[in-house]
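As given in Swiss-Prot:
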BINDING   3-17  FAD binding site
Amino acid sequence: MRVVILGSGVIGVTSAWYLAQAGHQVTVVDRQEGPGLETSAANAGQISPGYAAPWAAPGIPLKALKWLFQRHAPLAMSLDGSLFQLRWLWQMLRNCDSTHYAQNKARMVRLAEYSRDCLAQLRRTTTIDYEGRQLGTLQLFRTPQQYENAARDIAVLREAGVPYRLLPTAQLSTVEPALAVAGVRLSGGLHLPHDETGDCQLFTRHLAQQAAQSGVHFIFSTQVLRLLRSGARIQGVQCGHDTLVADAYVVALGAYSTGLLQDIVAIPVYPLKGYSLTLPIDDPDAAPRSTVLDESYKVAITRFDRRIRVGGMAEVVGFDMSLPLARRRTLERVVRDLYPRGGLLPQASFWSGLRPATPDGTPLVGATPLENLYLNTGHGTLGWTMACGSGQLLADIISGVTPTIRVDDLSVSRYTA
């Protein structure tokens, strides 16, 4: 089968890889000069199935109001009055109760755990290198209340069979030794030993190279203009001055998927803006070993080979890609608090990206009401965590193979029904 994939971020490239491995003729189109140059370029770097959780959670509406008046708030928003933004926010609020939170987190963990297994299999069968580490993730609590609230997430982890350790303050340095000299008081942490880390852009670039060697055709520096519909099918996609024709089409354009699909199928995928710093390591012994997550600021600090990636926060501000100095200061503050001698902050590069977020936190993977149009988007902050699993599931669905895990609650039908 001929398959055209729109988008060459980590989601588009993993989709291409698994579809090619299933025997399909795959073409990938992207407006950038190469793979992984937008949202996949500088994300936080953690592959954290156990921490897969929606922003829509109990208590978030009240917290969001408080955060509006805080200098270093993890969530911010700027209302533009658009119906799409208001509808998305309303749908998110409807998912903030305990029942929806547990349901959404459970399916996110299911997909993320499966994806980590797919990534492990990919490492075994290829020579791919992405500065990966398999040393777990440590969530840090600055307040006793955060430590106590961990019980809610632990219940979901236990049900999903995810190993974990709830650590008192004195044991944090057994996982991350450099925290022994942290510049801030901590109240404990939650350690997930099976989580991983790695450079998402490096992975995307190297997998694209191996996909090309397997026959995948990449078309870069080409705008995806519109899908050509005829009845219940897509007949082609207009890309630049050309029209590409295939048997199946996959939209993996991240936050830009919504605009392309607006006259075809309505999807609630909104650009959730995030930021990161990438800085060279100063003292390896004073740097993190893997990934730590600061619960107060919703910021992750991740160790690569010779670099530290600091990423997080969420802004509902549309497609604004500006780099406010205040956001940089927040990331710098978290680094100074936790790893004051770990990295060279004056040499840090500052980046922003738009995560494609759904109101319930779960991505849109699979078929649409059009018989040959498929989605792989809406992964929010977990695109790197869920990429391999989403790509494999999509390949199974298109190939008519029964997926290994449940997929019916990942499709767009939960919003269009």
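Glycine is treated like the rest: Cβ placed from N, Cα and C.
A map of Swiss-Prot features onto the structure.
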residue	record	Cβ within 10 Å
Val3	FAD binding site	26
Ile5	FAD binding site	30
Gly7	FAD binding site	31
Gly9	FAD binding site	31
Ile11	FAD binding site	33
Val13	FAD binding site	31
Ser15	FAD binding site	31
Trp17	FAD binding site	25
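According to DSSP, Gly7 (FAD binding site) sits in a coil region rather than a helix or strand.
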